[in-house]
Amino acid sequence: MAVAAVKLDNFLNPQQIEAVTAPPGKILVLAGPGSGKTATLTHRIAYLLDQGSRPEGILAATFTNKAANELRNRLQNLVGNIAQRIQAGTFHSLGLKILRRHHGALNLPVNFRVTTESEAAKLKLEAMKQCSVDIKDKECVSHINKRISLWKNSLVTPEEAATWPNEREAADVYAAYQELLLQSALVDFDDMLYQTCLLFSKEPAALAQWQFEHVLVDEYQDTNVAQDALMNYLSTTHGSIFAVGDANQSIYGFRGSQIGNILRLQDSPGVRVYKLERNYRSTGVILNAANVLIKNNYENSNLKLWTTNPIGSKITYFRCISATHQANFIAREIKKLNRPFGDYAVLARTNGELKDVESALLRNKIPYQVMGGVNFYERQEIKDIMACLQVAHNPDDDEAFIRMALNFRGIGDSIIANFKDIKKRYKCRSLYEAARALLDKNVGKVRNRKYVVAMMDFVEAIKGQPFSPGLINHIFEASGMKANLEGKEQYARLENIKQLIQLAREFESYEDFFDYVAMLNDSDMRINQHCVKVMTIHAAKGLEFPVVFVIGLNEGQLPHFRALQEQDDEEERRLMYVAMTRAMEKLYLLGYKWTNRKEVMRKSRFLDEIPSKYLHIIKEGTKC
């Protein structure tokens, strides 16, 4: 086997080798930022193969497609083509694969698909209307939406939710929403884990088909109840788990992730714990400051990062006058340092804080790329193309049919309402069948019939066509989408379509392509190496940059005011820690005294937790 030639001491440090060569069982590797966790994971798999494990018996679960692809590529380089036989992917992609095979056990139709976020939001609103919820009460709507997602990620069924005190309304909506999903042959993003765990809890025969000799999990600190349960279900028979994570980098509590998962595993009897504390990324000053900061958290990994990298220059701290002043300072520093634009990243707690930075970069003709904004699948042009593809594959998909139809000239809400009326009155199978009846049997009435004819001619031309990148290109042109591109975002939208066509080259079927695109997010898309990266701290997770600006270091921003209301600043401190440890060489910490509306801002408490000996403080009032 090719892996036998791998000499671990040529690639790994002693702590990594100890973890990689540990005997099978329950293993937790506490891996600090920049400590080579991906190398540890891939070499662990190589080691297991060398010890005689079957590649098909190894599962590596990640949180993003990008991480899964990187893992596969590194494995390919390490062990050759045998890497293709290892199951490596996201928790959600694995869950979806399981649901595809066992859909009947959950009463899901064979052609079910994953909703977009906007489709799911519409169905939840419909469920709320059915349950007489006041949908004008935005706070109530937001609470119910969050509660449903948290219930699913915590494996709480609608029946169990109904027993929760003071949550009867949300529980009723949850039950109605699940019924609407089933009627529409849809599953939402959370269902990929929730329904899979439900399947395994009820169907031992299905569970028996999905047992792995070794289960490896990346970013274990970010797992929620459902992901943790899935990991344990898949390792029921053999009990071999290799979890890699760092409680200090647990920053997805708002998505239902449970820092308690990694803390409990760390303290569980029989679990062997290994620590990776050597950092290969950052300078000594950055690591020393980050170590001191995170020690203020009661719940932490007890890791002390160290490096053989140079001590480096002090961290620059500047309390600017305003958000505009802060943005201008960043643009000035980028010009002054005169490094390649791809070396820089600007990180903020929320997307809203980045608008002034974008404006300043634009004014100074500095190219930039916004990352971590709208999911790729949620972008208008992508949703429009995907709706057409879904109609080509299954014209009876009403949600897709409506979205596709509304893109055609002359087709509006009144014509869609007409289709719905015909469907109900004549008991048509779908809106597509209703539109056909309108044209072929002259049922119903519609003005400007020619627009319906043009739209249905398009549908008939693409219906039943085999999946191909060329079909996407045809849809883009024949539907009029290409001709309708306009405005300042025209170039970006065209690039997104090109990326979609490029992605399509890797797939041979509609189903596989739909499933893959449904799970894409911004971190999976191409990074422009020649631009300044502008993003939230959450979007920067797993990335590194020579120069990092962390902005908005004010009370109410970082830490965020919601966390302060809940008297929980530990996850906010972890966010600050993650932001600081993205920097390789130079780190800027920036805040400001006044909002653009002349409101006074107090500096972030986290700045007081960093010893002044690590800071180069620019005098307040310095002009940009």
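Keep in mind that glycine also has a Cβ here, set from the backbone N, Cα and C atoms.
Predicted automatically and left uncurated, TrEMBL annotations should be read as such.
What TrEMBL records for this protein:
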| type | residues | note |
| --- | --- | --- |
| BINDING | Ala31, Gly32, Pro33, Gly34, Ser35, Gly36, Lys37, Thr38 | ATP binding site |
| DOMAIN | 10-283 | domain 'UvrD-like helicase ATP-binding' |
| DOMAIN | 284-542 | domain 'UvrD-like helicase C-terminal' |
Item to complete: Using a 10 angstroms cut-off on Cβ to Cβ distances, just flag whichever of Gly32, Pro33, Gly36 is the loneliest among these binding-site residues.
Response: Gly36
Item to complete: Show, in sequence order, which residues other than Ala31, Gly32, Pro33, Gly34, Ser35, Gly36, Lys37, Thr38 on the same chain lie with their Cβ within 8 Å of the centre of the Cβ atoms of the ATP site.
Response: Thr40, Asp246, Leu276, Asn279, Tyr280
Item to complete: Please determine which of the binding-site residues listed here (Ala31, Ser35, Lys37) has the lowest count of neighbouring CB atoms within 10 Å.
Response: Lys37
Worksheet entry | Gly34 (ATP binding site) CB neighbourhood, other CB atoms within 10 A | 21
Worksheet item: Far apart in sequence but close in space: which same-chain residues, 6 or more away, have a Cβ under 8 Å from Thr38 (ATP binding site)?
Response: Ala67, Glu70, Leu71, Arg74, Asp218
Worksheet item: In DSSP terms, helix, strand or coil for Lys37 (ATP binding site)?
Response: helix
